[in-house]
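Take a look at the following structure, please.
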């Protein structure tokens, strides 16, 4: 009798097991999946019209009728017999980034954006009137990101720079404690004595890293900030060509960054898009997985940062160029530093839970430093991103005239050359001081898609904007 009593007591005391809560924007029903759902007891009784409506005859699927549609992300509080009070987040089905406001409308049946004329992308954030500069000068192909894949012998934003191997070299320092790269010690060994680096260029360097990631809610309010310059990184593996770093964002998540040295011209497919990677390039790739969002309407914002520097008394002031019509839809950037340029291209595509989505990137400029903000929508399992950077050298050394601070003040002709860079790799110890440097990303170890990268460019004016005050 005692055993039977405890058996029936346990049956009566069974708590509801909630596996999923789903809601569609504008709907008046809140759907549940789990077990013993008829046992659900809410603290907020004013939210619902009636009790649980069973759809499965065994209380594993059903819904509650809301008194009015939800207008914002919501959490519900339930009382349980065994676990006490529990707070649960409602999963809301909606279009990506709400179709970027006035740029499109959300189809509430398919939950896909229907973009207005002139706008594209999964979230209607990409300006479709932006084009590859000068149609890649006839020396390359314009890809769907509106950046150029240049033919052999050409490089740059518009494939209008000629490549010539004149013995340029630089040193790449890779940290053991973070996915940071420092590029410096530029020099050139050319038999042509008129093609020599000036002292300002030799003293220049570049640094690139991922500065931070933040979670933002649907109203733009910060939920969480992760400072990646202070994160605890683990060096998973490293050799002369590839280094893989790992850290954690939310508990149990993985954030992987791979830095790869690509010695030869390479073609790679990223998110079904072909990209040509020039010789002697550095490739970053990223994969974030198992991140716990506070709400499925929230997003992550990831910030890449790049900074040129020079050991000079007077600042080198050369204008950063952006491939964008608006700062919120940026395709590429060039950061000049004496006779050098850092060229970064940012794909509009990312892979989100096995699906390819397209969205825009935002460019931010702070003096000589640039940041590129990538908006990452909610994901359940993982996201992969694929930016690329390279250092280009505008070797107009026998044609460009510089002032005492290294600023170009005129040229003897308009012919421009880019010299391929031979990179000497060294792995530094525990401290590389605040190195702002090259791009980001993780190149998948085994199953992960390999990425891209393409470089070499010189500033022109078409399709560029300056964003000093962004």
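For all residues, glycine too, the Cβ spot is worked out from N, Cα and C.
Pasting the relevant annotations from TrEMBL:
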type: SIGNAL; residues: 1-18; note: signal peptide
type: DOMAIN; residues: 91-125; note: domain 'EGF-like'
type: DISULFID; residues: 115-124; note: disulfide bond
type: DOMAIN; residues: 128-160; note: domain 'EGF-like'
type: DISULFID; residues: 132-142; note: disulfide bond
type: DISULFID; residues: 150-159; note: disulfide bond
type: TRANSMEM; residues: 417-442; note: transmembrane segment
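Show me how these features fit into the structure around them.
Taking H, G and I as helix, E and B as strand and the rest as coil, DSSP gives the domain 'EGF-like' (91-125) the counts 8 helix, 13 strand, 14 coil.
Long-range Cβ contacts of residue 115 (disulfide bond) within its own chain (separation 6+, distance under 8 Å): 99, 103, 104, 121, 124.
Remark: residue 142 (disulfide bond) has 131, 132, 135, 136, 148, 149 as non-local neighbours, by Cβ distance under 8 Å and separation of at least 6 in sequence.
If you draw a 10 Å sphere around the CB of residue 150 (disulfide bond), it holds 27 other CB atoms from the protein chains shown.
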In the structure shown, which of the disulfide-bonded residues 124, 132, 159 has the fewest other Cβ atoms within 10 Å?
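Minimum Cβ neighbour count within 10 Å, taken over the disulfide-bonded residues 124, 132, 159, occurs at 132.
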